[in-house]
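Annotation comment: Swiss-Prot describes TYR228, ARG317, SER319 as 2-oxoglutarate binding site. For HIS243, ASP245, HIS305, the entry in Swiss-Prot reads Fe cation binding site. For 214-326, the entry in Swiss-Prot reads domain 'Fe2OG dioxygenase'.
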Amino acid sequence: MAPTTATKDDSGYGDERRRELQAFDDTKLGVKGLVDSGVKSIPSIFHHPPEALSDIISPAPLPSSPPSGAAIPVVDLSVTRREDLVEQVRHAAGTVGFFWLVNHGVAEELMGGMLRGVRQFNEGPVEAKQALYSRDLARNLRFASNFDLFKAAAADWRDTLFCEVAPNPPPREELPEPLRNVMLEYGAAVTKLARFVFELLSESLGMPSDHLYEMECMQNLNVVCQYYPPCPEPHRTVGVKRHTDPGFFTILLQDGMGGLQVRLGNNGQSGGCWVDIAPRPGALMVNIGDLLQLVTNDRFRSVEHRVPANKSSDTARVSVASFFNTDVRRSERMYGPIPDPSKPPLYRSVRARDFIAKFNTIGLDGRALDHFRL
């Protein structure tokens, strides 16, 4: 699991650090604002402890005889035999927790438009970013740097544009101009894809194809656009610290720079090895989230992943993560392990809103799933 979150009393939080965090936040310019100001060394609020960085600078290479599951499977959705697709998804979700999708039906012009739009927004007029800057997690459209800025032991070197695409999307005219004609269309395309993936996952559990959909696992879609500016001291910080995703699953779109690292082997937890995942042009990546691990009683695996700080001297890295979950504001449904006569439940039932509230409280330094294990 990820390290336990430090509290304000024991993590070095003090008046001076709090002032530094607040001063950074008050600019409403994020990490890109620091880069634009010409910083040659990163502020101390971004310094991660040496033990957290010791294996991120040079992750372990894949061994010559990799552990079981030590590769990211590729699922080709043009395969006509549904049984083959179901078996591929079952294996990937139950071992690696990640898999590529190719021939997935999301148009390249939509994917390219999203990546360009995210880059143009972050590299465009600062007034557009400042107008959206907020730490109000209830807002369906907001820009910020580090959602857990005031909770984490150290900040990460990235900026984020958040958009709730379903069920409460913002009016199109409120979207940033570079994304106005692509965000909602991309959201619709990945939602259609997600419905099909949920069918395959349901069938791989031996359930009817609409089982997970009827459990309301995809009522909510949050599209989270990450921007990783070049870092003058990448050996002191990270782009995203190691974590697992809290929802049901994520569909990830990346640019060609790479940077994603996944913990493979030993079910993606402590003891596995960190592996660089090279980009795959035209492909989308799916990773299982914590709530799906919970409802499948560990049959599917939510695996740790991270992003090192951007070592490029002049080019930012961009990615777009589509997080699928239930409607946490309205749903009263209790989520617990699907009954299995061969295995006792490993988790207690929980409302999704309470699960996400725990995630938001502890931030990326901890893992919400562990708090619900029996």
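One is the number of the first residue shown, and numbering goes on along the chain from there.
Just so it is clear, glycine is given a Cβ too, placed from its N, Cα and C backbone atoms.
Sequence features, as recorded in Swiss-Prot, placed on the structure.
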residue : record                      : Cβ neighbours (10 Å)
TYR228  : 2-oxoglutarate binding site : 28
HIS243  : Fe cation binding site      : 20
ASP245  : Fe cation binding site      : 23
HIS305  : Fe cation binding site      : 25
ARG317  : 2-oxoglutarate binding site : 25
SER319  : 2-oxoglutarate binding site : 25
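Confidence across the domain 'Fe2OG dioxygenase' (214-326), taken as the mean pLDDT and rounded to a whole number, stands at 95. Across the structure, HIS305 (Fe cation binding site) and SER319 (2-oxoglutarate binding site) place their CA atoms 14 angstrom apart. Taking the centroid of the Cβ atoms of HIS243, ASP245, HIS305 as the Fe cation site, the other same-chain residues with Cβ within 8 Å of it are VAL240, ARG242, THR244, THR250, ASN287, SER302, VAL303, GLU304, ARG306, LEU364. When the Cα atoms are compared, ASP245 (Fe cation binding site) and SER319 (2-oxoglutarate binding site) turn out to be 15 Å apart.
A separation of roughly 16 Å, to the nearest angstrom, links the Cα atoms of SER319 (2-oxoglutarate binding site) and HIS243 (Fe cation binding site). Surrounding the centroid of the Cβ atoms of TYR228, ARG317, SER319, where the record places 2-oxoglutarate, the chain contributes additional residues within 8 Å, namely ARG158, GLN226, TYR227, GLY239, GLN254, ASP255, MET257, GLY259, VAL307, ASN310, ALA316, VAL318.
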